[in-house]
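Presented below is the structure to which this report refers.
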Amino acid sequence: MPLIRIRGLHRVFGEGAARAHVLRGIDLDIHAGEFVAIVGTSGSGKSTLMNILGLLDRPSAGSYHLAGKDVARLSRDARAGLRNRLFGFVFQQYNLIPTLTALENVELPASHAGAAREARRARAAALLRSLGLGHRLTARPLQMSGGQQQRVSIARALMNGGAVILADEPTGALDAESGRQVMRLLSDLAGRGHTVILITHDTDIAARAGRVIRVGEGRIAGDSGTRAAGPAVPVLPETTGSRSAFLHALREAARSALAAIGASPVRTALTLSGIVIGVASVVAMLAIGRGAQEEFVKRASAIGTNWVVVGSDQDTRMPRRPLTLDDAMALKGLPNVAGVMPGRWEQATVRAGAFSIDTDIIGTDRDFRGVHGWDVVRGSFFSEADERGGSPVLLLGSTVAGTLFPDGRDPTGEFVFVNMSPFLVGGVLESKGLSENGSDRDKVVAMPLRSLESRVYGPGELSVIVVALQDMARLDESNALLREAMIRRHGTEDFWLADAAGAFAAAEADRASQNLLLGAVATISIFVGGIGVMNIMFITVRERTREIGIRSATGAAMRDILVQFLTEATVLSALGGLAGLALAVGIGAVAALGLGMPVVFSVTVALGALAGATAMGAAFGLVPAIRAARLSPVEALASP
């Protein structure tokens, strides 16, 4: 039984007036191990016949049996599998991928077959050495002569066994000596059992074959007849798809993608700018925002979080009663109240010797310590007797103490002047750092309320009443009781209530709004970057159309081409995402070390931004990848 049997083969291109009937009723048998030359002038149909024989194209009509199997109507991927296992192509223009080395070009068929990298690399190197190219393994096509490139092409054709070698004008682009070397190689392969089908217009070249078939006007014009052939080369066994094979293909696609991306670094960088900026902005800004939020919570928590502030409404259009010490005493008896601190805030100049400072003065009582958790680190708190008698005693905040006593000595027992009134320093308050709005909490002086009223400013209304709660889970209940108690005392709601939980909630709402805005900006930027990826992938497909044809000819299925270019888009986007993360870390470092801003990165946000950028790139790379996968192998090989 012949290896190749063709009956009534026709190939028609175009429709209507553009219709071209290239092959007309071809009948042909070729046995395994034959060396056949198909010779004809330009336009005779010989190249179209070769494309159909090599399963690069399908006939319009007729039958084609290969090793007893009808292959005329096979799917594209099924034909690719047969090409990979059975055929090896040697082209006039060599058709080597310029970005790959000689070794990598030869490996292509085995790579598409799913062969292990080490095994295929060893076989490719052995083939190149057998063809006298052992010293050119790492050379790229443009670094080699035409004869060397054609020998690389022959080695590639033999990579998976090359049971059938299809050579299309293999000497057409070579000098005479290189052409003779190539023909000797093909004759040697035929002698070793390979079925060699040579396509040529040169009758002298054709005469080197054991059988000459002449083609003219799409028909067989002459056939010297079948010659006896030796034992045929076995065909590479068919492999079935598996998860490991798919992962192998994915790894190879990723490796090829990195090589392709590295070939145009400037274009790659420009393409990725949108993704880089989008990822960097969202990760860095959210890190800065989260750092600011945590710093806010830390600062606010320094004076406790279990309090409610009662303040007087300052709307002068409405009648109101001032907050008084009696109001504070009345609130102490309410359920869930742990302490009540009356507070009157004023401004004063405090002096000690040659040093002075303008600072806040708080008139309060001993509940100041319990409500805000604000104790002394030196000396002692003022006593109940100090409160009742309005004693000239006060406590210095650490900033005030450091300003008035810069030599670092303990100011306890020293005298200072508040405006013009002398006071004894009873102690120094522990440091509470900055407030949530950035002011210095330690720039403060605390004294008994009666001392403030009798010795510095005279009688006046309270600024606020701060109520500490025992259980913050009952906050709503306590707020309602405080409101009722104050309305009973004042006859109207001429006051306001504020609590730490509300302040935290407002800050969190602001942060959420900022995050939403940042997310929107980053999404738009990444979206624009995705469009850039799509654009560059369309350009890449157009620039590498011949490469797609070469990969198809060496056995790449549509899925392989799709995975190749989709992986390239995905890797491209992932690199942009990683670059964005690196830029975000740089921005965060500048903010933290250079500007002193709190920065807290989130692994979840970073991974989410990276995944989003990668997914966006993959989505935008899908259409170009599909276009690449659907390219006709014949048309792709014919591209410039």
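Note: Cβ is positioned from N, Cα and C throughout, glycine not excepted.
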Scan 77-97, 455-475, 560-580 against Swiss-Prot and say which stretch is down as transmembrane segment.
560-580
Residues within 8 Å of the GLY40, THR41, SER42, GLY43, SER44, GLY45, LYS46, SER47 Cβ centre (excluding the ATP site residues themselves)
HIS201, VAL215, GLY216
Quick one: of THR41, SER42, which of the binding-site residues has the smallest count of other CB atoms within 10 A?
SER42
When you measure from the Cβ of GLY45 (ATP binding site), which residues in the chain that are at least 6 apart have a Cβ under 8 Å away?
ARG11, VAL22, LEU23, VAL215, GLU217, GLY218, ARG219
